[in-house]
Amino acid sequence: MTDEKLNDHTVKAPEYLPDILTVESLDMEAQGIAHRADGKVVFIEGALPFERVTANVYRKKSSFEKAVVMAIHRESSQRVRPACPHFGLHTGACGGCKMQHLHVGAQVAVKQRVLEDNLWHIGKVKADNLLRPIEGPAWGYRYRARLSVRYVRKKNAVLVGFHERKSSYVADMTECHVVPRHVSDMLVPLRELIAGMDARETLPQIELACGDTVTAMVLRHMEPLSSGDLARLRAFAVSHPGLQWWLQPGGLDSVKLLDEGVPELSYDLPEFGITMPFKPTDFTQVNPHINQVLVSRALRLLAVQPHERVIDWFCGLGNFTLPLATCAREVLGIEGSEALVARSCQNFKKNQPASQSRSALSATEFVARNLFEMTPAMLVKDGMADKWLVDPPREGAFELFKSLAALHQQMVTGVPCDDGEQQQSLVLGDWTPPQRIVYVSCNPATLARDAGVLVESGAYRCTLAGVVNMFPHTAHVESIAVFERG
């Protein structure tokens with residue numbers, strides 16, 4: 001993977017004269033929003049709310065314009081000096097962060113507004129109350145990352161890091177403040193390692209995954225590695241204790257350890273006495289500090305009682321399922337992947353105490369189900385549950401909530417719901433909808449859409465909603481919402 005340029009490309013000169021504008025707010029991409037006298041919207045990179053700035057417009061459309069801040073005439077009290085020298089609007093700036101120039105408390109406020117705006121404008125939903133934001137360390141939090149690799153033949157140099165802002169080029173990074181310190185300290189040695197490898201031109205990326213005590217790096221290689229390269233990787237691991245190399249010659253199913261017999265990756269949920277083993281290609285939360293607080297908060301919001309049955313939808317490896325098994329009578333974890341279901345079962349068995357030193361986990365079952373093709377009949381088949389925990393990917397849980405709303409309508413009106421195959425009344429027996437749902441979301445737009453389905457049906461109201469600052473200094477909005485039946 002060669003690149004004949006080492007961040008020496010120039011910025012295209014602006015096509016329009018600068019304008020002085022007053023910034024009103026930030027959008028979901030952390031761009032300042034201003035309006036011209038005629039009402040036309042201008043999105044300004046690098047500008048903050050309440051600032052008065054000179055902005056260079058570089059793109060004009062009929063309904064909006066794009067600009068970049070050139071000078072600040074009135075500065076926001078929330079503007080701070082970025083911690084990282086690679087952050088900014090300059091040529092070659094890293095695109096991994098978007099908000100380092102904004103105080104972290106103000107970042108959370110912006111994300112809260114984004115959540116509320118999405119709930120209202122997309123779902124026509126307004127939460128009864130706002131949750132206190134879940135916050136944690138602002139730096140060194142990112143335990144998962146995909147680092148791009150580029151060999152620059154003319155310079156005989158290697159770049160390892162995130163992409164440049166608004167570019168496919170790899171940023172010339174020597175440090176990173178959002179990954180753990182020991183990973184940041186490895187960036188320059190990694191560049192030197194790869195520059196000396198025989199396969200340096202065919203190594204496109206490194207997938208980073210940190211556990212509590214082990215750091216895994218998955219090296220994607222497009223051709224077989226020489227014995228010399230394997231020896232170089234092993235020597236690098238020896239010089240960086242706790243590091244293990246995984247190799248990926250093809251798709252995800254090709255990932256394997258360079259050397260067996262090393263400690264497994266895992267993270268702890270100490271409040272619940274749970275240890276979660278995982279592989280570097282598994283989905284785990286990027287921010288382990290926030291994850292611990294999020295799991296604790298979600299279970300408190302569910303308020304699970306010892307006699308209750310709970311379903312954990314999109315359960316993954318059991319991040320919420322196993323803690324739920326410490327307090328519920330019975331738990332059902334449902335996931336789309338058969339492989340993940342098998343791994344969840346393994347994690348459950350590993351955490352089931354062999355002695356009486358602590359309480360056993362409750363009866364827990366894991367099943368595979370295509371959650372993007374849910375029907376009312378499938379919901380009834382999974383049985384009644386007192387509470388639900390829903391933690392979907394960015395696509396959300398639309399079919400799940402649509403099926404739940406349809407069953408509610410059948411119960412209220414007696415009109416048959418569409419079970420996806422035939423139009424007929426389902427025999428519900430003693431099935432009833434869950435009394436409470438806690439929804440953990442990584443996309444406020446799909447959360448708002450799904451919330452609208454529930455609330456419009458008349459079955460539920462949104463009692464609580466709030467943000468989870470899982471990704472400080474980025475525009476990513478993680479959130480949590482609570483829905484109460486009746």
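Here the Cβ of each residue, glycine as well, is placed from N, Cα and C on the backbone.
Among Asp229, Asp253, Asp259, Asp391, the residue that Swiss-Prot places alongside Gln285, Phe314, Asn319, Glu335, Asn370 at the S-adenosyl-L-methionine binding site is Asp391. Geometry remark: Asn370 (S-adenosyl-L-methionine binding site) versus Cys442 (active site, nucleophile), CA distance 19 Å. Neighbour list (Cys97 ([4Fe-4S] cluster binding site), Cβ cut-off 8 Å, at least 6 residues apart, same chain): Cys84, Phe87, Val178, His473, Thr474.
A separation of roughly 19 Å, to the nearest angstrom, links the Cα atoms of Cys176 ([4Fe-4S] cluster binding site) and Gln285 (S-adenosyl-L-methionine binding site). When the record's S-adenosyl-L-methionine-binding residues Gln285, Phe314, Asn319, Glu335, Asn370, Asp391 are compared pairwise by CA position, the greatest distance found is 22 Å. A straight line from the CA of Glu335 (S-adenosyl-L-methionine binding site) to the CA of Cys442 (active site, nucleophile) spans 17 Å. Separating the Cα atoms of Asp391 (S-adenosyl-L-methionine binding site) and Cys442 (active site, nucleophile) is a whole-number distance of 8 Å.
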